[in-house]
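What TrEMBL says about this one:
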ACT_SITE  His268  active site, proton acceptor
BINDING   Tyr30, Tyr136, Arg171, His268, Arg271  glyoxylate binding site
BINDING   83-85, Ser112, Gln134, Thr162, Lys244, Ser266, 299-303, 322-323  FMN binding site
DOMAIN    4-372  domain 'FMN hydroxy acid dehydrogenase'
Amino acid sequence: MTVIERSLPYSYSHLEKAAELTLEKEPFTYVQSGAGAEVTLRANEEAFERWAIVPRVLKDVSSRNLSANLLGTHLPSSFMLAPIGNQGILHDEGELASAKAAAAFGVPFIASTVSTFSLEEIAAANGDGSRWFQLYWSSDFEVTASMVQRAETAGYSAIVVTVDMPVVGHRERDLNYQYFPLALGKGAANFLQDPVFQSRLSKSPVEERDVALAELLSVFFEPALTWDKVQELRKITSLPILIKGILHADDAKIAVDLAFDGIVVSNHGGRQLDGCFSSLDALPAIADTVKGRIPVLFDSGIRRGADAVKALSLGADAVLLGRPYVYGLAAGGENGVKHVIEQFIKDFDSAIALTGLTKASDANRSILRKVN
Ligand SMILES: Cc1cc2nc3c(=O)[nH]c(=O)nc-3n(C[C@H](O)[C@H](O)[C@H](O)COP(=O)(O)O)c2cc1C
Ligand SMILES: O=C(O)C(=O)c1ccccc1
């Protein structure tokens with residue numbers, strides 16, 4: 001399948017630039033920035049430069065299988081689109097454009113709790129595509145339960161509980177601009193359209209939007225969340241449950257012991273705790289602990305095909321693509337996301353062949369060396 005929007009650039013840095021030229025400075029900064037001095041944001045990318053692929057040759061790579069299958073979901077190229085909230089600040093069609101683009105390539109889409117469009121609207125745009133729902137656990141448990149049930153009804157096939165945001169990271173550049181999309185209502189649709197959330201209000205969100213947004217902010221964070229509480233999700237849904245935001249091998253062990261269905265090794269793209277471990281550096285010990293008992297997904301720093309090869313070699317079963325696709329969204333809407341997906345698949349395919357592999361799932365540590 002060849003698309004698309006030839007005016008869009010091919011490299012990550014140029015895509016970022018294209019997004020910067022399209023957007024106002026506040027929404028661009030919101031996407032690009034990280035917490036604190038952005039040490040972790042930089043470390044996520046730099047960690048990939050400390051691993052080098054040592055390719056094998058003469059392996060007949062004429063036919064290649066890039067796919068992964070996990071938790072009943074088919075990933076044609078071993079990656080999914082990461083949950084990214086508030087996409088309406090980047091393009092009017094927001095998550096609808098991204099979910100359509102993902103479906104066109106059969107790439108699974110993970111919809112965020114704080115999407116600009118509701119999970120039902122995203123499901124309609126995603127159509128026959130495959131999709132998971134990312135859950136931010138609300139301190140109003142009945143709202144959490146209602147959202148999970150809605151996701152199940154709307155054809156989402158797994159729940160990804162993000163646990164690295166008991167509070168929001170100290171994002172200095174957003175603070176400088178005093179720019180907080182959730183407070184502006186840019187990621188409120190799943191709440192405003194939720195019947196349980198609406199029942200908490202004396203007037204409808206349309207009549208009293210400010211009151212509704214204040215209620216949203218008051219129930220959004222749940223700093224008291226624990227492993228025990230997350231386990232209660234089992235009573236509400238039969239869908240697979242993954243835990244996103246794992247960096248410590250001991251937490252990976254707890255996730256396995258408590259029979260969660262998968263984990264996402266992630267530091268939220270350097271947006272939460274600045275100074276924490278890069279995601280790639282965290283991966284090997286986690287993979288050694290999990291030992292294949294549950295799927296290990298990975299994000300934070302994936303920019304190119306070879307990055308995905310490295311993450312798979314260090315023990316990930318699949319990766320999530322984050323900032324690259326939303327820069328495509330900002331610069332070119334649905335076609336921009338298609339462009340990014342298409343190029344990422346081509347790059348990944350080429351990297352697999354040049355590594356001397358015919359199956360992405362065969363990637364392992366024998367083809368990697370630590371450098372520097
Ligand atoms: C603008 C933006 C919004 C995000 N929103 C969410 C979200 O709503 N839920 C979530 O679990 N992660 C969210 N993330 C984190 C991503 O899912 C992913 O972990 C991160 O983007 C990976 O880093 P990378 O994009 O630098 O590779 C967001 C990231 C960005 C850049
Ligand atoms: O920006 C984010 O990373 C994010 O997920 C978020 C969601 C809600 C409030 C603040 C940040």
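Backbone N, Cα and C atoms are what each Cβ position is placed from, and that goes for glycine too.
Annotated features taken from TrEMBL, shown on the structure.
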{"residue": "Tyr30", "record": "glyoxylate binding site", "contacts (Cβ under 8 Å, 6+ apart)": "Asn86, Ile89, Asp174, Tyr179, Pro181"}
{"residue": "Pro83", "record": "FMN binding site", "contacts (Cβ under 8 Å, 6+ apart)": "Ile110, Ala111, Ser112, Thr113, Gln134, Val160, Thr162, Lys244"}
{"residue": "Tyr136", "record": "glyoxylate binding site", "contacts (Cβ under 8 Å, 6+ apart)": "Ser112, Thr113, Val114, Thr162, Met165, Phe220"}
{"residue": "Arg171", "record": "glyoxylate binding site", "contacts (Cβ under 8 Å, 6+ apart)": "Ser33, Gly34, Ala35, Arg271"}
{"residue": "Asp299", "record": "FMN binding site", "contacts (Cβ under 8 Å, 6+ apart)": "Ala82, Val264, Val265, Ser266, Gly269, Ser279, Val319, Leu320, Leu321, Gly322"}
{"residue": "Gly301", "record": "FMN binding site", "contacts (Cβ under 8 Å, 6+ apart)": "Asn44, Glu45, Ala47, Phe48, Gly269, Ser278, Ser279, Leu280, Asp307"}
{"residue": "Arg303", "record": "FMN binding site", "contacts (Cβ under 8 Å, 6+ apart)": "Tyr12, Glu45, Phe48, Pro324"}
Legend entry - Cα-Cα distance, maximum over Tyr30, Tyr136, Arg171, His268, Arg271, record's glyoxylate binders, Å: 19
Inset, instruction - Let me know how many other Cβ atoms fall within 10 Å of the Cβ of the residue listed as 'active site, proton acceptor'. - result: 25
Legend entry - Rounded to the nearest Å - Cα separation of Gly85 (FMN binding site) and His268 (active site, proton acceptor): 12
Legend entry - Neighbouring C-beta atoms (10 Å sphere around the C-beta of Gly85 (FMN binding site)): 22
Inset, instruction - Using a Cβ cut-off of under 6 Å to any atom of ligand 2, determine which of the binding-site residues Pro83, Gln134, Tyr136, Arg171, Asp299, Arg323 qualify. - result: none
Inset, instruction - Would you mind checking how many other C-beta atoms are within 10 angstroms of the C-beta on Gln134 (FMN binding site)? - result: 25
Inset, instruction - Output, ordered by sequence, the same-chain residues six or more apart from Arg323 (FMN binding site) with a CB under 8 Å from its CB, or 'none'. - result: Glu16, Val31, Gln32, Gly269
Legend entry - Assigned element (helix, strand, coil) containing Lys244 (FMN binding site), judged by DSSP: strand
Legend entry - Arg271 (glyoxylate binding site), number of other Cβ atoms within 10 Å: 23
Legend entry - Across the domain 'FMN hydroxy acid dehydrogenase' (4-372), average pLDDT on the 0 to 100 scale: 98
Inset, instruction - Provide the number of Cβ atoms within 10 Å of the Cβ of Lys244 (FMN binding site), excluding the reference atom itself. - result: 24
Legend entry - Listed recorded positions with Cβ under 6 Å from ligand 1, out of Gly85, Arg171, His268, Asp299, Arg303, Arg323: Gly85, His268, Asp299, Arg323
